[in-house]
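First up is the structure itself, then whatever we jot down about it.
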Amino acid sequence: MIHPHPDAAIVIGILALQGAFIEHQDALQKISLQKKIEVIQVRTAEELAKCAALVIPGGESTTIALLARLSGLLEPLRQFVKTKPVWGTCAGAILLSKNVEGAKKGGQELLGGISITIARNGWGSQVESFEADLDVPLLRDPERPFTGIFIRAPVVLSLDTTPEDPPIKVISRLSPHYLPESLTSSNLTHEPKTFVALQQGLHFLTTFHPELTQDNRFHEYFVRECVLPSLPPPLQ
Amino acid sequence: MSAIAPSVSNAINNAIPQSADGAAAPLSAPSRAIPREGGNSLGTFGVKSGLAQMLKGGVIMDVVNAEQARIAEEAGACAVMALERVPADIRKEGGVARMSDPQMIKEIVNAVTIPVMAKVRIGHFVEAQILQVIGVDYIDESEVLTPADEEHHINKHNFKVPFVCGARNLGEALRRISEGAAMIRTKGEAGTGNVVEAVRHERTVMAEIRRASSMNEEELYTFAKDIQAPFHLLKETARLKHLPVVNFAAGGITTPADAALMMHLGCDGVFVGSGIFHSGDPAKRARAIVQAVTHYNNPKILAEVSENLGAAMVGVTIDKNLQGGEFAKRGW
């Protein structure tokens, strides 16, 4: 591996096949850090190869997966996920999960990366979309809640970690009052369903949309806790 | 929206004594109790316009049954528009075009996992109430259907479900946003297979935004009067240099090149109506248009996806003899 010059910018890619990718770009560019961040839009394998980390935005997961396959990006993305930090929001969270329920007929392609089972459209149709204040004890200004915007959001159904997997850290959870009845009526524990932001190793997942707010604390968290630790140590 | 939310939650926070074990549980619990009953956090403008943000860079396809909806989903549509007749057939067959049968819309909702939109007539708020109840994800208050009201549009603030509305110019777009539209589509001329009006409307909106963004406040007051737009929305648009909501192009888009052209002119995504299922190979054409919207800036990919798509919709010229009339002129 070539060690980049210590002053070189960290290149973070935003998968720009479909969805709200510009908003992630704007939020990442506003982070102030000692190291420079360069944000690029990724639509080809060549662009992906330049990136030290990747954000998969919200959008339609079926559309993004199909475009990834047609653009020859599916395998390069799967390889990328194995070694580099990736953050998925909403549709991106679905793609980053190991298993999905409520997939389209015939199933849908995933990238994997985080050992969970996730359900698409956990709350139902758009009229059930909502905003909720989230507790964010691990972010900057932890006493200030974060406005979670949940749009046809997925729900984490279970954690499926094996002994070899890195542990899953819950970064933020939703008050159980917000869960739809269809999810709380079963006898199974509904605890994982309240998990709306998770970290496993270098990977990060949010079922809501931090990029639609002006608050970039989740973007900061991803860079600080996932991207920076993954970079090779500077040469002495 | 994000600026308001924390202060609301702080107000709740101050009113409710904190439990000894910290702020965790009590902080979010009360804010749920209030919105579920009062509807405050459901259907906010944030979540309504936010869904449109998620559709960006995508293609929304007209479908008339569950089978077509599945073809559209497999081809990468980011949403489908459920309707009984595509605009080209409405032109040909004439008569009054209304909201589709709720049963048919429900079949489409059950067939796919992507968002489903459906159309209501301009001003027909009861059709909109029906669509909200059956759980569509977006309502199009559309000039393609026969208008129910020739003076008033629906007060879209009254609904939890978001609306998309057509516009030919900046004034019309801002009037619709003022009524609560969470997404705008430039009208084009639906059901013609001819992109010329879509180009005219998108260019008009973008040119007017560019003009507004170079004006001082006195000039903006006069411009708002001239284009019959609410001043505060015009000022916000001038500052942002784009519409305050997502803007798709529609009406006559038939080929991958048409879709890419519209993306170059500044829209965020496209609607394709009659152009797909009135063509020789709908699945292939649909997929090619989806790729063209993503890679609109890459002529090499556009060349590849444009090959061997089979027969395109024939299309018609748009003049005073246009069968069914000019839909784009409906809307006030």
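Every residue, even glycine, has its Cβ placed from backbone N, Cα and C.
Note that TrEMBL annotation is computational and uncurated.
Keep in mind it's a predicted model, so treat the numbers as computed, not measured.
What TrEMBL lists as active site, schiff-base intermediate with D-ribose 5-phosphate is B:K119. Per TrEMBL, D-ribose 5-phosphate binding site is recorded for B:D62, B:G191, B:G252, B:G273, B:S274. Under the heading D-glyceraldehyde 3-phosphate binding site, TrEMBL lists B:R203. Residues annotated as domain 'PdxS/SNZ N-terminal' in TrEMBL: B:45-250.
Annotated features taken from TrEMBL, shown on the structure.
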residue : record                                                          : DSSP class
B:D62   : D-ribose 5-phosphate binding site                               : strand
B:K119  : active site, schiff-base intermediate with D-ribose 5-phosphate : strand
B:G191  : D-ribose 5-phosphate binding site                               : coil
B:R203  : D-glyceraldehyde 3-phosphate binding site                       : helix
B:G252  : D-ribose 5-phosphate binding site                               : coil
B:G273  : D-ribose 5-phosphate binding site                               : coil
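Cα separation, B:R203 (D-glyceraldehyde 3-phosphate binding site) to B:G252 (D-ribose 5-phosphate binding site), rounded: 15 Å. For the recorded positions B:K119, B:R203, the greatest number of Cβ atoms within 10 Å around a candidate Cβ is found at B:K119. The Cβ centroid of B:D62, B:G191, B:G252, B:G273, B:S274 marks the D-ribose 5-phosphate site; residues of that chain outside this set whose Cβ lies within 8 Å of it are B:V86, B:P87, B:A88, B:V144, B:A190, B:T192, B:G193, B:G251, B:V272, B:G275, B:H278, given in sequence order. With an 8 Å limit on C-beta distances, none of the recorded positions from B:D62, B:K119, B:R203, B:G252, B:G273 reaches chain A. Over all protein chains present, the Cβ of B:G252 (D-ribose 5-phosphate binding site) has 29 other Cβ atoms lying within 10 Å. Taking a C-beta cut-off of under 8 Å and a sequence gap of six or more, B:D62 (D-ribose 5-phosphate binding site) has these contacts in its own chain: B:V80, B:M81, B:L83, B:V86, B:P87, B:F271, B:V272, B:G273, B:S274, B:I276, B:F277. On a Cα basis, B:K119 (active site, schiff-base intermediate with D-ribose 5-phosphate) lies 17 Å away from B:G252 (D-ribose 5-phosphate binding site). Rounded to the nearest whole angstrom, the C-alpha distance between B:K119 (active site, schiff-base intermediate with D-ribose 5-phosphate) and B:G191 (D-ribose 5-phosphate binding site) is 15. Around B:G191 (D-ribose 5-phosphate binding site), the same-chain residues six or more apart in sequence whose CB sits under 8 Å from its CB are B:V86, B:P87, B:A88, B:D89, B:I90, B:R91, B:V144, B:G273, B:S274, B:G324, B:F327, listed in sequence order. Restricting the average to the domain 'PdxS/SNZ N-terminal' (B:45-250) gives a pLDDT of 96. Residues B:D62, B:G191, B:G252, B:G273, B:S274 are listed as the D-ribose 5-phosphate binders, and the farthest two of them sit 12 Å apart at their Cα atoms. For B:S274 (D-ribose 5-phosphate binding site), other Cβ atoms within 10 Å of its Cβ number 25.
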